[in-house]
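J.: Take a look at the following structure, please.
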Amino acid sequence: MVTLQTTQLRTGGLPVKEKRSAKQRAGTLGLILPGSIGLFVGFVLPLIVMIRMSFNQHGTGGQLVETLTFENYGRALSDPFYWQVIGNTLWLGLLCGGLAVILAYPIALFLTRTTSKWKGVLIALAIAPLLTSAVARTYGWIAILGDQGIINGFLMDTGLLSGPIRLNNDMPGVIIALVEILMPYAILAMISGFGRLNNSLEEAAGTLGASRFKVFMRVTLPLTLPGVFTGFLLVFVLSISSFVTPRLMGGGRVFILATEVYNEATQTLNWPLASALSVILLILFGLLVAGYQQLTKRFED
Amino acid sequence: MRKALSGTVITVIYLFLLAPIIAVFLISFNSSSALKIDLGSPSLQWYQEMLSNSAFIEGAKVSFITAAVVSVVVLVLGVPVALAIARREFPGKNALSAFFLSPLLVPSVVIGLGLLLVFQPLALTGTYLGIIIAHFGITVPYVIRTTLMSLKTNDVSCEEAARVHGAGPFTTFFRITLPIISPGLIAGAVMAFIISFDEAVISLFVAGSGRTTLPVEMFRYLQYRSDPAIAALSVILILISVLLVVVIERVVGLRKVMNS
Amino acid sequence: MSTNRRLTRNKRLLTIGASIVAMGTLASCASSGGGDADGQTTITVLGYTAIFEDNFTQAVIEGFEAQHPEYNVEYVPSQNSAEMLGKLRSEASNPTVDVAILDQSVANTGIQEGVFAQLDEAAVPNLANVVDMGLNAEGYGPAMTFDNLVLLVNPEEAPEEISSIQDLWDAPDNSVAIPAAPDIQGIALTALTANNLGADYQEDIQPAIDELALLQPKVTSWDPQPDVYQTVTSGSAQYAVGWNARGQVFSDQSDGRLQVVQPDDGIAFQVNTINMVEGTENAEGAQAFIDYTLSKESQESFSSAMFYAPTVKNAELPEEVQARVADPQDPNIVEIDWIWMADQRDAWTDLWRRTVIGG
């Protein structure tokens, strides 16, 4: 705000204002244009082409027929299977978001409060997984959760199990892996959102006789809630659009929008349906983000 | 007692968080090709195997080249936009900044499919140009954000002073603005590099049968093989990231990067 | 055909858009294949990647180039048939590929879209040797390889030997890997199951689907990652269904951990056809290459390398190879009309998802 005022004051005092502002407008355009064209080609154009494709038809024998039809949306929305896919997708997002937040919260709280000289290292360790490719970490989880993996191996060696339990190749494995893979985002969001938290406030409440539980519920939690919300939304959004982990660990049992889109696009070559599903995913996303913004706005008021 | 309890909880969560990385690290020294930790006689055979895999080497080359080009292109095209948003007044400014952040709000599968539909008729799938265009959209929001941050936290008075003393806009930018915001730029470029280097989903769609990036090669490898060569490769990649972080820390200071 | 024209128009629009960005950023990134150095004509062949590419290059392409020094073959590998069709579809107006080897049902979609051209019998004399089952009625690309659905067993981990598709229903829980539809291995399994139930798969598929649904607890993965051959070799699954050719090749590399069993209750063929691309500027070279792949010599050498059954009558395989390859005359063959199937694949996939996997 301060910067804006200075600029206005200065230009306002110049006699050659008109000329300069025309020149400046051209300059502004020159600054904005190249980047905008880049984003148009790499982002907007693909979305437009995809939306157009969603009104085409997948003809008999897999032919692509250029036309204008709502058939694909009709098929996707009138079919209970796709409702189940949408449901699965949302459920996966909610569960991952919830679990990631629950696990990330103590870590974020600890990292905000700690005065240890290892603080830097501990923060780095919590965020380090972000620097490791999701494909590599998914591989790690397959090794841990697989039928011959570390967990099943341990349980069978100790005689707690006679045969392996199915952790990989189904929804539970996907959820475990996704929670871990996306948790660092929640930790990051929370650490930066916990700025308002400050030890003296909690201490004050404590000396005034509030129990630890009460201090947490009345002071800590409300102050950290915005960070928690951001963390949840981030993980929710990222898990809804996750693809690599559900694909490698789902065992063909996990049907979510992202894997459906990929299958239709690359296996059955039904581009119109893949596009329609993408548009549905996009709308779902938009609604959720808008709803979330409303929520945070109300919360902040 | 309480302290011990909370200490245990924190340790357990940390273990969970690092579990796959630890597993990958141990498996990379496996003595057999089994997909489990098997350190009967630790060996480096998978590192050898990985280095002799031409798909990995080619993928790494493609990833390095695209990530490097993307981080330069995204700076050259993104920083002016951030500059305009922070320093100029024009109609539709809010819309423009929303526009440049919007790729973050679109699932990667959706962007990937759209790009596939655009690229296939143009024969851009599996080309450097295709991958670079694809990665531009998802990295530009980060560069604009980091640049905006450093522009906003720095006063315009220096730039004003330079202008008053007769410096042209270019001189002002290169002599004054650029040095001030350079930590933000480096942070943005590094993020763009890492995101482009790690991106798997969009690249998978636009890879086709031509050039592919390393994450796509790894994904495809996992569809046919599950031996620890992938683990060995991951360990190398982790070491490179750590090295990168250390270098940034030495050059600009990690805190500045993290803060933005 | 208006599809094509409109696609072309879209293409032009897109080209303009893309080139704007291209100009500012990168001019020299695209790399194209080298010129024809010694007056040779290049034939571009699109086919499967990985072991198919390796074996095909050694067993077929090298022989062709030795026999026809005027040609040189460039092989473009692709992940699967659908991806190949996607590529051919998108460059229909300006093809860079002359010959494509892909699955018959996907090829049929391509034929309907006008992506492939009819062959000239005079230019492909070896067509006369192709078995009836491998010929296209309208003169499009013929079968180049036959493969068949087999049972894969890990003899070290599997509790019992199996000999038929039906035995899968007696497997222990969590022990079988099956690539579900839309994968054609799942589709072929459905047809074999229908046959075992005495039903005609073209009439009513529901009984077979209900039967497959009973497999649910036995199955550890409906989408094995990595593929079925590695999944069985590593012991993550004890049983699986897969293709004979790859099964045999990987079996040889498995130290006895992967065994291929020809099911005694039904053999389902998968067909790869070799097709000439419509609009190729090199029809002569393309057909010369197709003709060579149908020659006795090429068929024998590729079959010996990869255990595909030959598609020509005059091929004679060494005994040890013959024993590991299905015979197109086998009485157990359950004929699958893959062209009919191309239309049904979506519907069958739906049934699989709802009843077999979801059920």
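Using N, Cα and C of the backbone, Cβ positions are placed for all residues, glycine too.
According to TrEMBL:
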DOMAIN    A:86-292  domain 'ABC transmembrane type-1'
TRANSMEM  A:29-51  transmembrane segment
TRANSMEM  A:90-111  transmembrane segment
TRANSMEM  A:123-144  transmembrane segment
TRANSMEM  A:174-194  transmembrane segment
TRANSMEM  A:215-240  transmembrane segment
TRANSMEM  A:271-292  transmembrane segment
J.: Are there 3 or more C-beta pairs under 8 Å linking the transmembrane segment (A:90-111) with the transmembrane segment (A:215-240), counting only pairs at least 6 apart in sequence?
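T.: The transmembrane segment (A:90-111) and the transmembrane segment (A:215-240): touching, yes.
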J.: Would you kindly list the residues that approach the transmembrane segment (A:90-111) from elsewhere in its chain, counting only those six or more residues past its ends and only Cβ-Cβ distances under 8 Å?
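T.: Hits for the transmembrane segment (A:90-111): 119, 122-123, 126, 171, 174-175, 178-179, 182-183, 185-187, 190-191, 194, 220, 224, 227-228, 231-233, 235-237, 239-240, 246, 254, 256, 284.
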J.: Which residues, given as numbers and ranges, are at least 6 beyond the ends of the transmembrane segment (A:29-51) yet have a Cβ under 8 Å from it?
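T.: Sequence-distant neighbours of the transmembrane segment (A:29-51): 275, 278-279, 282.
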J.: How about long-range neighbours of the transmembrane segment (A:123-144): same chain, 6 or more residues beyond its ends, C-beta under 8 Å?
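T.: Contacts with the transmembrane segment (A:123-144): 107, 111, 150-151, 168, 173, 176-177, 180-181, 183-185, 187-188, 191, 244-245, 248-249.
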J.: In the same chain, which residue numbers or ranges, 6 or more beyond the ends of the transmembrane segment (A:271-292), come under 8 angstroms Cβ to Cβ?
T.: 47, 50-51, 53-58, 64, 71-73, 75-77, 82, 86, 89-90, 229, 233, 236-237, 240-241, 257-258, 260-262, 264-265
